[in-house]
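Trainee: Quick one: this structure, given as structure tokens, is what I'll be asking you about.
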Amino acid sequence: MNAEIRERREMVGGTSRGKKKGHPLLRWSMKQESFSHGFSQSDLQALSAICDAIMPPVPLQSLDLDMKLKVLRNDALLSFFKSSGSHVRPDEVAEVMATKAMPLTVTVVRIVLRLLTFRLGTLLLCGFVCLDKENWSPLLLKFSDISLEKREKVLQKWNTQWYNPLARIAFMMIKAIFLFYYFTWTNENTENPAWDAIGYTVDIGEENENTEHKERPLEKGIIETAKEDDVTAIKQRLINKGLKVKEDKETNALKIECDAVVIGSGCGGGVAAANLAKSGLKVIVLEKGNYFVPRDYSTLEGPSMFEMFEANGLLMTHDGRFRFMAGSTLGGGSVVNWAASLKTPDAIIDEWSKDRGVAIFAREEYTAAMESVCERIGVTERVIREGFQNQILRRGCDKLGLDVTVVPRNSSEEHYCGSCSFGCKTGDKRGTDITWLVDAVDSNNAVILTQCRAEKLILVNNGRRKKCVGVTASSTTTSNKTVKKIEISAKVTVVACGSLMTPGLLSTSGLKNPNIGRGLHIHPILMAWGYFPEKNSEFNGAAHEGEIMTSLHYVFEMDSTTPNITLETPALGPGTFAALVPWVSGSDVKKRLAKYARTSHIFVTVRDEGVGEVKEGIVKYKLTKADEENLVTGLRRALRILVAAGAEEVGTYRSDGQRLKCDGIKEEDLEEFLEKVDAPAGVVSMSERWTHSFTAHQMGCCRMGKTEREGAVDGYGESWEAEDLYVCDASVLPTALGVNPMITTQSTAYCISKRIAELMKKRKQD
Ligand SMILES: Cc1cc2nc3c(=O)[nH]c(=O)nc-3n(C[C@H](O)[C@H](O)[C@H](O)COP(=O)(O)OP(=O)(O)OC[C@H]3O[C@@H](n4cnc5c(N)ncnc54)[C@H](O)[C@@H]3O)c2cc1C
């Protein structure tokens, strides 16, 4: 380990409050000296040379007066500006990349790094900048031998060169992963030296003897399969719960019989499990993620994202424009989401029930279902204290005379934790893990198998239509890596793996309906930012503090003809912020990060017409012209709101770092700036400027339809192709929704599962 790295590790700062550290899986464990990344030493040298150029040391004299004064008053900021990217071990960045990122993007990074280890490869990717003009022997330099200044220039070119796609994709990936790691990594005392510099604190909560030993809410119904060494132990526990189980010792396999198997435990699966179990059916819930409770949450952005999000939070659309955020833990998205609990708009209920003829959305029953859902998860509209970003959204709207609405949430009026994206440490947000799944387990009819991945539905021929009679799953034991096979026979099978995973399970099981995997909507997002220095500011707090969403502005009110454009505020930890922030130079990225805590964001989402498809793990998605126009309309409105609220500077996430200083600005200047705001393409495009954003609302890729041609499932969620097979998650929604989808997903699941319970009851009576 070199001296600079040691210095970074030994620096104390970046405090986290509290003594508890959370579950080991939710903390960094990068202690090993051997890595599995497969990059060679020369690849790592090239990687380190890139990281160094992304975050070079920044001389004090290059800072403006305000920043200089801040730096001189703050030692942490001083060492932040002095530090460089090479302080981070390239092995660690490479390990995160190789083990967490999408394999295709890792391959691109490998190719580029390997080329950069050669002089000719460097010439090919960087051009004549690698000519050593001062010293004519050797003539060409490999990347790591080029001066820091020139390396930074190379990165600036890669950023814009659409005709050099390998370099641009590799640059984007390395920048995102390296900066994410830089700002999320912690030492064993949960400290990161950069946090003090950027004003970030992590509240990991006080050690509390009572909560430490309190039984977990799902204890009596949970079997954490990866913890069990052999299937016999699991078998015994299932028998104790009244299920019929057979064991095959030779194949380390279990055969379980139940009435209903629910695959996935998120917004859809959680509700379905509760309704089916409460109706008296013996239910098994399969969830591939782990079970965590509030005392486990570390609220550390890096490890929590990797552990609790689908594909480590790094799945992107094929063009790199949107990155998907979806929960993958017991409770699914409901555990990591931002608690906004908006009911399905009337216009959408009408569109789905009348225009599309989807039976489940019959007005009266569906509205009653929404009421039951909101009651169970304790939705409130009261807010006692608004956080920094929401105060700004509200004030900006007020100043412009725009309506601003309170966001109803499934957390209490006092809730003020800004880290619900990594599990609500206060236990206040009511995800399915502390509501519906508890109901299921408390009925004594449900068993939840965690760390257990459903692999294939069991379909048998049954005349013209198939019949689903269960599912096969597997679980790998953590200690000895043995694989346990689990076969579940069920009278009814409910798939609720979320929109990114449900289509894959259906199609690998042999279902052929063309709507499976098609028609994906994502509520695309673009973000605006505004910087609000502390001095003389009416807004207190920091961007990462407080309830994530409490204010909302609709650019157009929702009705069936106007596409909805919504402005809300996000939770952006420093890692995500750093990964997304446009990189235009090393000093610029440091200055932007130094302003992290006082940079407020507003994001625009639109009810998208554009559709995508999920096929074999690849997600393709394309916006329509109208979607792009709506995004631009929303983005311009968001920027106006930030300016009206008093931002010193505002900007977008376009790769050229588009921004505007607002001090003393005239309306014409603002207009001129807003005119240039657009909806850039992704990194893989023939366009100089690009953007990278996230989306958290996936829906519609196994939609309900009146006929087999219109939907993957019928108007009650049942597969057109296989009897007794239901889909019960956001993927059944017929179109994009236009508002945050949790309540709609739960209410839809409520209606589907209530009907299944009735049918099963009838079947038993007949
Ligand atoms: C960061 C974030 C913030 C959000 N904020 C909001 C918000 O404020 N308000 C709102 O309304 N919505 C919000 N959402 C969206 C909302 O949470 C989702 O729309 C909702 O969770 C979707 O429910 P679902 O049942 O379709 O899937 P999920 O809730 O994602 O559940 C799917 C579950 O299935 C499991 N699974 C997948 N494949 C398998 C398999 N093969 N075997 C076993 N298990 C499997 C997954 O691990 C996961 O736990 C947010 C989402 C995210 C990620």
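Glycine is no exception: its Cβ is also placed from the backbone N, Cα and C atoms.
The compositional bias 'Basic and acidic residues' annotation in TrEMBL covers 1-11. For 1-22, the entry in TrEMBL reads region 'Disordered'. Positions annotated as FAD binding site by TrEMBL: 258-273. Residues annotated as domain 'FAD-dependent oxidoreductase 2 FAD-binding' in TrEMBL: 259-291. Annotation comment: TrEMBL describes 306-524 as domain 'Glucose-methanol-choline oxidoreductase N-terminal'. Among the features that TrEMBL reports, domain 'Glucose-methanol-choline oxidoreductase C-terminal' is placed at 619-748. Taken from TrEMBL, the feature active site, proton acceptor covers H697.
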Trainee: Between G264 (FAD binding site) and the residue listed as 'active site, proton acceptor', what C-alpha distance do you get in Å?
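Mentor: So the Cα of the residue listed as 'active site, proton acceptor' lies 17 Å away from that of G264 (FAD binding site).
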Trainee: Rounded to a whole number, how many Å is the Cα of the residue listed as 'active site, proton acceptor' away from the Cα of G266 (FAD binding site)?
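Mentor: A Cα-Cα distance of 13 Å.
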Trainee: Let me spell it out: take the domain 'FAD-dependent oxidoreductase 2 FAD-binding' (259-291), skip the flanking residues so only those 6+ beyond its ends count, and list any with a Cβ under 8 Å from a Cβ in it.
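Mentor: 25, 216, 218, 222, 224, 242-243, 307-308, 327-334, 373, 431-433, 435-437, 439-441, 443, 445-454, 470-471, 473, 488, 490-498, 501-502, 505, 728-730, 741-742, 745-746, 748-750, 752-754, 756-757, 760-761.
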Trainee: With every protein chain in view, what's the tally of Cβ atoms within 10 Å of the Cβ of C258 (FAD binding site), excluding that atom itself?
Mentor: 26
Trainee: Based on a Cβ-to-ligand 1 distance below 6 Å, what subset of the binding-site residues A260, G264, G268, G270 would you report?
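Mentor: Checking each Cβ against ligand 1, the ones under 6 Å are G264, G268.
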Trainee: Give the helix, strand or coil assignment DSSP yields for A272 (FAD binding site).
Mentor: helix
Trainee: Excluding near sequence neighbours, so keeping only residues 6 or more apart in the same chain, what lies with its CB under 8 A of G270 (FAD binding site)?
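Mentor: For G270 (FAD binding site), the qualifying residues are G331, G332, S334, G431, T432, D433, T435, W436, L437, A440, Q746, A749.
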Trainee: Just name the winner among A260, V262 (the binding-site residues) by count of other CB atoms within 10 A of its CB.
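Mentor: The largest 10 Å Cβ neighbour count belongs to V262.
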Trainee: Residues with Cβ closer than 8 Å to the Cβ of G266 (FAD binding site), same chain and 6+ apart in sequence?
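Mentor: Listed in sequence order: G327, G331, G332, G333, S334, T432, A496, G498, D729.
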Trainee: Test of understanding: give the count of other CB atoms lying within 10 angstroms of the CB of A272 (FAD binding site).
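Mentor: Around the Cβ of A272 (FAD binding site), 36 other Cβ atoms lie within 10 Å.
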Trainee: Can you count the other CB atoms that lie within 10 A of the CB of G268 (FAD binding site)?
Mentor: 36
Trainee: Mean pLDDT, the domain 'FAD-dependent oxidoreductase 2 FAD-binding' (259-291)?
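Mentor: Summing pLDDT over the domain 'FAD-dependent oxidoreductase 2 FAD-binding' (259-291) and dividing by its length gives 98.
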Trainee: DSSP helix, strand and coil counts for the domain 'Glucose-methanol-choline oxidoreductase C-terminal' (619-748)?
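Mentor: Per-class counts: 39 helix, 27 strand, 64 coil.
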Trainee: Including all protein chains displayed, how many Cβ atoms other than that of G264 (FAD binding site) lie within 10 Å of its Cβ?
Mentor: 28
